[in-house]
Amino acid sequence: MAEGQSPENSPPSPTPPSPSSSDNQQQSSPPPSDSSSPSPPAPPPPDDSSNGSPQPPSSDSQSPPSPQGNNNNDGNNGNNNNDNNNNNNGNNNNDNNNGNNKDNNNNGNNNNGNNNNGNDNNGNNNNGNNNDNNNQNNGGGSNNRSPPPPSRNSDRNSPSPPRALAPPRSSGGGSNSSGNNEPNTAAIVGIVAGAGLLFLVMILFCVCCCRKKKKKHQMPYYAGNGYATGKGDQYQQQQYNNQSDHVMNLSQQYPGSNGNNNWMNSPPPPPPGSWQPSPPPPPPPVSGGMNGNSSDFSSNYSGPHGPSVPPPHPSVALGFNKSTFTYDELAAATQGFSQSRLLGQGGFGYVHKGILPNGKEIAVKSLKAGSGQGEREFQAEVDIISRVHHRFLVSLVGYCIAGGQRMLVYEFLPNDTLEFHLHGKSGKVLDWPTRLKIALGSAKGLAYLHEDCHPRIIHRDIKASNILLDESFEAKVADFGLAKLSQDNVTHVSTRIMGTFGYLAPEYASSGKLTDRSDVFSFGVMLLELVTGRRPVDLTGEMEDSLVDWARPICLNAAQDGDYSELVDPRLENQYEPHEMAQMVACAAAAVRHSARRRPKMSQIVRALEGDATLDDLSEGGKAGQSSFLGRGSSSDYDSSTYSADMKKFRKVALDSHEYGASSEYGNTSEYGLDPSSSSSEEIRRGGANNNKTTPSRDH
């Protein structure tokens, strides 16, 4: 509006107020109404309004932002029109106010127009002569209507107010920027955490791989030495391998050496012994150190993979299998292979009981020096037994090759052998449940050799003296010294007649033809021993026939009428289960059939003894139309005369070759008190003198 268009109630020519009045008017708050009121400014409340509220003039939409109290236009003595005010926007700092703008920094007191300089402009502006100017300078309506900070309008129109309002704007902007940065910071933290977690997972994976490699290096010690064939951990079933008797070996009694020899098993025990990981067949002779020093033990123990296979705690039963002993260690354990420690002797040598420094008992089978036959058996036993681990089989726990000395080390079982309890001086009679348990356990062990080993293993020396018993009378099949690895397509393994007379199958005794059914025949003879309590061959000469010849017709009659009284051991006093007796008699009769093809497999015998198969299932080994029990009536079967002729021929061969009984480890010196079945050579001599030439046997 023009200069002369002031409100009617406004004074026509406002005189410049005194400095004091101007101060009071400057401090007065603008009128409450939005319109430019003509009323003179009433004395407002005290100074706190002017100092405390920088009335932003921005909310008055019709007028541009006030010049922020810098009404310093040239010659505008209280008549600041709109145009001048518009021109003064942004010129708040000019020098046209004649030094009146010394207090330009009004700290946001934009609307009062009182620069506290006492100039004419201040007085004119405070009198409200210019409505628009008052609206802009005094912020009459804007002061009441604009609680928000002088934001948008003042920012656009005047550069200096933004300076006063800069802190709020910058703070608002800062809050926005910080809000935008928060997600970025969280994302960065998440990425870093994920990368760290991935790194930890990779480290754990590498550690697991390293441990697996170390475990693999432990087994090569045995596998690389020809001990393990991948049949599983050789040391996981040591709890079952508590057997140690018969060990075919020479008894060269050498002066005992000092007793502080340590066994490979004892982790740090004093006696040194060398525990070398070298394979048994060609291992180098035991190196120095037979003096029993712990240093020798540690040096020999280290081997290629020694540290990776720490010796087990002494409480573990004999620890590792197939460990190398020094001769001095075994001599010390057996008190110099003294007679008091002699368990038995046989064609290969002697068996001595030994006690290791850690208190464990062992049985040491030593081979006769210079016995080529014994050396061959030693090689076979070390190679085969080390590959076999089963609950019902004996495991080789150590060996010794020192120059010409070759010895096998087994766990010692204090419960002796089946032969001892059946025919020895134990003074106790095995009850029927124990006999059945022994039969079942030995059948499972032999079935494992025949059907679960690859290549399969034929024992070739099944007999009562090779069935060891633990404290609970669990059976353990022992002495694989005669066993040979037999490929499926190879049946003629050896012409050397091994084994014990009375247990040999007819076809094997006559021709040396070897199959798993030869072991079945020997097992059938052992079952007859359990049932009858008789030996395979009568050593007294009172019974001309063998146990098999005597029992065959009785088994047939018992199967027909169910009367087993003539067959059963009288010491049992008829204390047995009839159906269990029928099962065992049927298994024995089927196993000793003349025809090898008609004998059942060991797995079939196991099922029959457990009661899981009918007796007719035992005939599955034969051809259709043949007798299901004893195999009679078939032209392919041996008759009694043929079998007897074969036995006579075998007796003559055994006498001439002196190989009979070579596999037996117990002789007259056996602690069992009686000659074992293998020592029936005297009976052979008695009967062999009367034998005539026999026709060659036929195996159809």
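Using N, Cα and C of the backbone, Cβ positions are placed for all residues, glycine too.
Taken from Swiss-Prot, the feature compositional bias 'Pro residues' applies to 9-19 (among others).
Residues annotated as compositional bias 'Pro residues' in Swiss-Prot: 29-47 (among others).
The annotation compositional bias 'Low complexity' is assigned in Swiss-Prot to 48-137 (among others).
Annotation comment: Swiss-Prot describes 255-265 (among others) as compositional bias 'Low complexity'.
Residues or ranges marked as compositional bias 'Pro residues' by Swiss-Prot: 266-286 (among others).
The annotation compositional bias 'Polar residues' is assigned in Swiss-Prot to 689-700.
According to Swiss-Prot, the domain 'Protein kinase' annotation covers 337-615, on the basis of sequence analysis. Computed over the domain 'Protein kinase' (337-615), the whole-number mean pLDDT of the model equals 84.
According to Swiss-Prot, the N-linked glycosylation site annotation covers N176.
Among the features that Swiss-Prot reports, phosphothreonine is placed at T326 (among others), with the record citing similarity to another entry. T326 (phosphothreonine) falls within neither a helix nor a strand when secondary structure is assigned with DSSP, and so counts as coil.
If you look up Swiss-Prot, you'll see Y410 (among others) marked as phosphotyrosine. Classification of Y410 (phosphotyrosine) by DSSP places it within a strand.
Here Swiss-Prot flags S465 (among others) as phosphoserine. Secondary structure at S465 (phosphoserine), taken from DSSP and collapsed to helix, strand or coil, is helix.
Swiss-Prot lists S494 (among others) with the feature phosphoserine.
If you look up Swiss-Prot, you'll see T495 (among others) marked as phosphothreonine, on the strength of similarity to another entry.
Residues annotated as phosphothreonine in Swiss-Prot, with similarity to another entry given as evidence: T500 (among others). Mapped onto three states, the DSSP output places T500 (phosphothreonine) in coil.
Among the features that Swiss-Prot reports, phosphotyrosine is placed at Y508 (among others).
Per Swiss-Prot, the feature topological domain 'Extracellular' maps to 1-186; the stated evidence is sequence analysis.
Between the modified residues T326, S465, the minimum number of other C-beta atoms within 10 Å of a residue's C-beta occurs at S465.
Cβ-based neighbour count (10 Å, all protein chains) for Y410 (phosphotyrosine) stands at 28.
Recorded residues Y410 (phosphotyrosine) and T326 (phosphothreonine) have their alpha carbons 15 Å apart, per Cα-Cα distance. With a 10 A radius on its CB, T500 (phosphothreonine) counts 28 other CB atoms from all the protein chains.
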